[in-house]
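Engineer: Residues or ranges marked as GTP binding site by TrEMBL: 205-212, 287-291, 349-352. Summarising the annotation, TrEMBL assigns compositional bias 'Low complexity' to 34-49. For 370-383, the entry in TrEMBL reads domain 'SRP54-type proteins GTP-binding'. Among the features that TrEMBL reports, region 'Disordered' is placed at 34-63.
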Ligand SMILES: Nc1nc2c(ncn2[C@@H]2O[C@H](COP(=O)(O)OP(=O)(O)OP(=O)(O)O)[C@@H](O)[C@H]2O)c(=O)[nH]1
């Protein structure tokens, strides 16, 4: 009996030991899995929010305040289109007097040269010849020179004039007679009769003479005199000429009618007159192409421009632009242009750059047409209505 009890006790102890070992082994196996689950739980929440997450107190991302929110860069508002500044051209009255100093080269050669010779003690044949040469050098032309010398010589002889003041007065009178104080130098920008249409001015001349510049400056002269102007860029051969003209126009608020590059100049001229008429403009100024006059086709084209424009009414003024520095060459050009269109007025440009102011006389004689405007510089208002008295006074340095 005692042995049975002992066996039972040993058996119980052994059983108990075995079961204890099994439980402890299980616990050791479970530990790493639990650790990794716990680690998972502390990791950042998945990007995808899950239902109920907020209620469970999902980890809070740092909240941004309104001030901290970067607004998308607002697009900068486009700057308002620049309104071209409309200039106020200088008044035209007295421009030649204002610009008289620009004639200094002609003054020195022609005016002062003549006065010096005339104040010599003996006005002999040789001196009169020198006087003649001075006039010829200044491009006055042969016939006008002979006329002037003859008259002056006769008056000096008859009057016995000798004082410098008296000689200056005589010379002034004779030069003025040559220039022609009584010629009508009005630039005709008004239509005649009851027709309601703008005055039409055609500007012609060889390229490089200052034609486009002169058209632009003339627009300013007209605007200064209170007229509204439309410009026609009929020099379609040179795109830059149309741009140049448009720039001049914009400065004084004058619109420029242009055509396609290398388009038909006559059609641009026609359109300019039509648009000028439609909008009730006072004057339409048409800048034409001026290829070398030897190119017959282009000269014919000028005739066509005039004919086409005349379908809407007569052209009121045809201004020939001549570069005063080209001397005799300018006279040749004048002759050729006069054969194609009836020139009604001459614009002599670049008189500031020459000592040959006598060209005014020569070109008027050549064409039988008055110089109406003179260019005395590159400035916008350096185009002056031609006034014979102011011109002669500038030459001889008088009052
Ligand atoms: N010094 C001086 N320069 C002038 C005068 N008139 C025009 N010019 C200059 O002469 C140059 C030629 O002028 P443009 O008007 O381009 O000549 P254009 O005859 O129209 O020639 P295209 O445009 O080629 O047909 C320019 O540099 C003008 O500034 C003037 O009276 N005096």
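Note: Cβ is positioned from N, Cα and C throughout, glycine not excepted.
I would like each feature placed in context: is it buried or exposed, what are its neighbours, and how far apart are things?
Structural biologist: Annotation note: residue 288 (GTP binding site) sits in a strand segment as assigned by DSSP.
The list of residues near the domain 'SRP54-type proteins GTP-binding' (370-383) in space but at least 6 beyond its ends in sequence, with Cβ under 8 angstroms from a Cβ of it, reads 87, 89-90, 95-96, 99, 102-103, 180, 183-187, 210, 213-214, 216-218, 220-221, 224, 248, 251, 319, 324, 345-352, 360, 363-364, 391.
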Engineer: Measuring Cβ to any atom of ligand 1 with a strict under-6 Å cutoff, which of the binding-site residues 208, 211, 288 qualify?
Structural biologist: 208, 211
Engineer: Does residue 208 (GTP binding site) have same-chain partners at least 6 apart in sequence with Cβ under 8 Å from its own Cβ, and which are they?
Structural biologist: 323
Engineer: Averaged over the domain 'SRP54-type proteins GTP-binding' (370-383), what pLDDT does the predicted model reach?
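Structural biologist: Averaged over the domain 'SRP54-type proteins GTP-binding' (370-383), the predicted model reaches a pLDDT of 95.
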Engineer: Residue 288 (GTP binding site) has how many other Cβ neighbours within 10 Å of its own Cβ?
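Structural biologist: Other Cβ atoms within 10 Å of residue 288 (GTP binding site): 30.
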Engineer: For a three-state summary based on DSSP, what are the helix, strand and coil counts in the domain 'SRP54-type proteins GTP-binding' (370-383)?
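Structural biologist: Result for the domain 'SRP54-type proteins GTP-binding' (370-383), in helix, strand, coil order: 0 helix, 6 strand, 8 coil.
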